[in-house]
Amino acid sequence: MRLVLVGPPGAGKGTQAEFIAAHLAVPKISTGDIFRSNVSQGTPLGVEAKRYMDAGELVPDEVTINMVRDRLAEPDASEGFLLDGFPRTTPQAAALDKLLADLGTALDVVLELVVDDDEVIRRLSGRRTCRGCGKIWHVEFDATTREGICDRCGAELFQRDDDKPETIATRLREYAEKTAPLVDYYGAQGKLVGIDATGPVEDVTVRAIDALRSYGG
Ligand code: AP5
């Protein structure tokens with residue numbers, strides 16, 4: 001299955017991507033994770049991306065599209081993938097359609113996680129991520145047993161630089177302006193399915209997997 005997850009910052013894309021990708025046995029490809037890994041390694045791509053990420057703005061389309069093109073060319077993505085955080089603009093969506101068409105294939109479905117802004121702000125301000133295994137936690141909704149330490153691997157947790165209130169506000173504006181139009185874009189292709197992404201994580205996963213069943217997932 002070739003699947004895209006779309007939804008505002010903090011909707012739970014990263015959280016759900018892990019479960020859904022495992023369920024579908026496809027690689028999870030998160031552009032945010034790839035950018036963060038480049039930032040922490042200090043690569044030229046990371047240096048360029050960091051300027052935008054710290055401001056809560058989108059990295060330019062050309063940079064992002066080239067990065068995804070390279071990632072999708074890797075052998076593990078040949079039979080299917082779950083894209084988390086890409087596409088994020090209409091030009092990115094058009095580039096993805098073209099890239100897949102050139103490979104003789106197409107997206108199967110776009111799953112929209114629907115959450116309101118107040119919930120997004122609660123989720124992002126309490127998010128913590130593991131430095132070791134990358135697992136996403138929340139200080140209130142999904143807390144670790146020992147504060148600041150990952151239950152899964154024992155490494156330290158950190159708060160993302162872009163989860164500060166002023167940056168969250170910019171990210172929400174960027175989403176409304178540049179990413180929300182993708183709902184119409186994929187709706188017109190008959191590929192969009194939206195689910196309520198509020199409530200416990202496990203309930204959202206069940207809703208997601210149910211929704212994907214009619215698309216062959
Ligand atoms: P990216 O990393 O993609 O950030 P995002 O889209 O803003 O999404 P988040 O990772 O913040 O949230 P999420 O939806 O994954 O939620 P999560 O599961 O963590 O991008 C970061 C930056 O990179 C961008 O701002 C941009 O600069 C750049 N970038 C990336 N892709 C790009 C692109 N295509 N084009 C251009 N630039 C790009 O959950 C959030 C919190 O909520 C967690 O603490 C979690 O534990 C909790 N939670 C999850 N589900 C629930 C639930 N059901 N109930 C309660 N709490 C929950």
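Quick reminder: no glycine exception, Cβ is built from N, Cα and C everywhere.
Annotated ATP binding site per TrEMBL: GLY10, ALA11, GLY12, LYS13, GLY14, THR15, ARG127, GLY199, in sequence order. What TrEMBL records for THR31, ARG36, GLU57, LEU58, VAL59, GLY85, PHE86, PRO87, ARG88, GLN92, ARG160, ARG171 is AMP binding site. According to TrEMBL, the feature Zn(2+) binding site maps to CYS130, CYS133, CYS150, CYS153. As annotated by TrEMBL, domain 'Adenylate kinase active site lid' applies to 127-162. The region 'NMP' feature in TrEMBL is assigned to 30-59. Under the heading region 'LID', TrEMBL lists 126-163.
All features noted in TrEMBL, drawn onto the structure.
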residue : record              : Cβ contacts under 8 Å, 6 or more apart
ALA11   : ATP binding site    : LEU113, VAL114, VAL115, VAL120, ARG123, ALA197
LYS13   : ATP binding site    : LEU5, VAL6, GLY7, SER30, ASP84, GLY85, LEU113
THR15   : ATP binding site    : ILE136, VAL201
THR31   : AMP binding site    : THR64, MET67, VAL68, LEU83, ASP84, GLY85, PHE86, ARG88
VAL59   : AMP binding site    : PHE35, GLU48, ALA49, TYR52, MET53
ARG127  : ATP binding site    : GLY10, ILE136, TRP137, HIS138, GLN159, ARG160, ASP163
CYS133  : Zn(2+) binding site : CYS150, ARG152, CYS153, ALA155
GLY199  : ATP binding site    : none
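Listed by sequence, the residues of this chain that lie at least six past the ends of the region 'LID' (126-163) yet keep a Cβ under 8 A from its Cβ atoms are 10, 14-15, 33, 53-54, 56, 171, 201. Screening the binding-site residues ALA11, LYS13, GLY14, CYS150, CYS153, ARG160 for a C-beta under 6 A from any atom of ligand 1 leaves ALA11, LYS13, GLY14.
Between the candidate binding-site residues, CYS130, CYS153, the densest Cβ environment within 10 Å is the one around CYS130.
Cβ neighbour count within 10 Å across all protein chains ranks GLY10 highest among the binding-site residues GLY10, GLY12, GLY14. Here the candidates are the binding-site residues GLY12, GLY14, GLU57, and by Cα distance the one nearest CYS130 (Zn(2+) binding site) turns out to be GLY14.
Neighbouring residues of the recorded Zn(2+) site, listed in sequence order and excluding CYS130, CYS133, CYS150, CYS153, comprise ARG131, GLY132, GLY134, LYS135, ASP151, ARG152, GLY154, ALA155 (Cβ within 8 Å of the Cβ centroid). If you measure from the Cα atom of GLY14 (ATP binding site) to that of GLU57 (AMP binding site), you get 18 Å. Remark: secondary structure over the region 'NMP' (30-59) totals 23 helix, 1 strand, 6 coil, with classes taken from DSSP.
Rounded to a whole number, the C-alpha distance linking GLY12 (ATP binding site) with GLU57 (AMP binding site) is 19 angstrom.
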